[in-house]
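K.L.:
The structure follows.
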Amino acid sequence: MQGLFRDPALERHFTGHSGGITQLRFGPDGAQIATSSTDSTVILWNLNQAARCIRFASHSAAVNGVAWSPKGNLVASAGHDRTVKIWEPKLRGVSGEFVAHSKAVRSVDFDSTGHWMLTASDDKSAKIWRVARRTFVSSFAQQNNWVRSAKFSPNGKLVATASDDKSVRIYDVDSGECVRTFTEERAAPRQLAWHPWGNMLAVALGCNRIKIFDVSGSQLLQLYVVHSAPVNDVAFHPSGHFLLSGSDDRTIRILDLLEGRPIYTLTGHTDAVNAVAFSHDGDKFATGGSDRQLLVWKSNLHTYDASQFEAKSALASSGCESSGVSSKQSVGSSKSNDLSIRIDPRQSLAYQLSEENFQVLDSKHSTQPDKLLGHSMDFNQHSSNPRFF
């Protein structure tokens, strides 16, 4: 295969949670990964110091989501205990908490400025908060069931929500109005991701499908049927040319969006893959699952050449069996054969040298919200009806 593009390769294999991983995010500098878990903790994995990681354990129930502020100076976590925690990502620091919803919080997200925070909940709403003052700004409550996820668009002008009422809604942040609604008859959306350009949205569906919508035109652009079980998470590569997905079928898929086809099928997890994410430069991606494993991969997608794909796929298939998973289906077309390259890292040195014998340090955070954010604020005011500012 000399001269052909390089495949993704497993770099690190971590196990440290006692429960399944529910979400993961790279820090802005790519040197740390935050993972949330059903074990009620968040762990910060330092990729530069393999023997040391920090565990944040102040939630009283499962942690459903996690997010970094754009500057990397804060981490927010969303809990089943109805709280959102905001804390400094270091061993000794300050932290704060508030009850933003009347039921479990499913997701948390910062906008690109770090001034605003977005939360989604089983109380059927998504809410925007002003981070510095912990002030309620607005609520999006047209959903008729749990809101699984809510994400700011890259420019912060729109919010997308995924709800168990089988809808994806797009809201205008300034007006608070719902400007687009996409519905799915087969199953509810489980997660969503904005394209880096902000004009498209990828949706992971419980009916084993992935859909990509043109937000401004309200059109379905691409439909992928590449998993054999519900899809739990999706993430765009920073270039916007590739999409990463994780599923209950225990596989990770990489899609070439320009050619409209799956190019890789990655294995290694022994249970559902719940979380996937790229680093901000696209050099790495990470996957986490119900098997409690965190796998960190070198993406090598900067070397990818679509013109070489069929030749490399043929070479790969001659040495290993095909994935046997359905391929991409364009709107209005029939399924094509899946030629994706299958990568099983379980024989690799990185997989076998699971980094589980390292020091997990419990964070020592004090609750000093004024010091945390540099403003007068009351994180301990537990109110399900916060005031407007």
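Each residue, glycine too, has its Cβ placed from N, Cα and C.
Taken from TrEMBL, the feature repeat 'WD' applies to 14-48, 56-88, 98-139, 140-181, 224-265, 266-298. Residues annotated as region 'Disordered' in TrEMBL: 365-389. According to TrEMBL, the compositional bias 'Polar residues' annotation covers 378-389.
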K.L.:
Mind tallying the repeat 'WD' (224-265) by DSSP state, helix then strand then coil?
P.N.:
0 helix, 23 strand, 19 coil
K.L.:
Looking only at residues six or more beyond either end of the repeat 'WD' (224-265), which have a C-beta under 8 A from one in the stretch?
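P.N.:
Residues packing against the repeat 'WD' (224-265) from afar: 7-8, 23, 187, 190-197, 202-212, 271-278, 280-282, 285, 287, 289, 299, 301, 304, 306, 309, 323, 325-330, 335-336, 338-343.
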K.L.:
Look over the recorded stretches 14-48, 56-88, 140-181 and say which has the most C-beta pairs under 8 A to the repeat 'WD' (266-298).
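P.N.:
Per the Cβ under 8 Å count, 14-48.
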K.L.:
Within the same chain, where does the repeat 'WD' (14-48) have neighbours whose Cβ lies under 8 angstroms from its own Cβ atoms, ignoring anything closer than 6 residues to its ends? I mean 6 or more beyond.
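P.N.:
Residues packing against the repeat 'WD' (14-48) from afar: 54-57, 59-68, 70-72, 75, 77-79, 89, 107, 233, 271-272, 274-281, 283-284, 286-296, 354-356, 358, 360.
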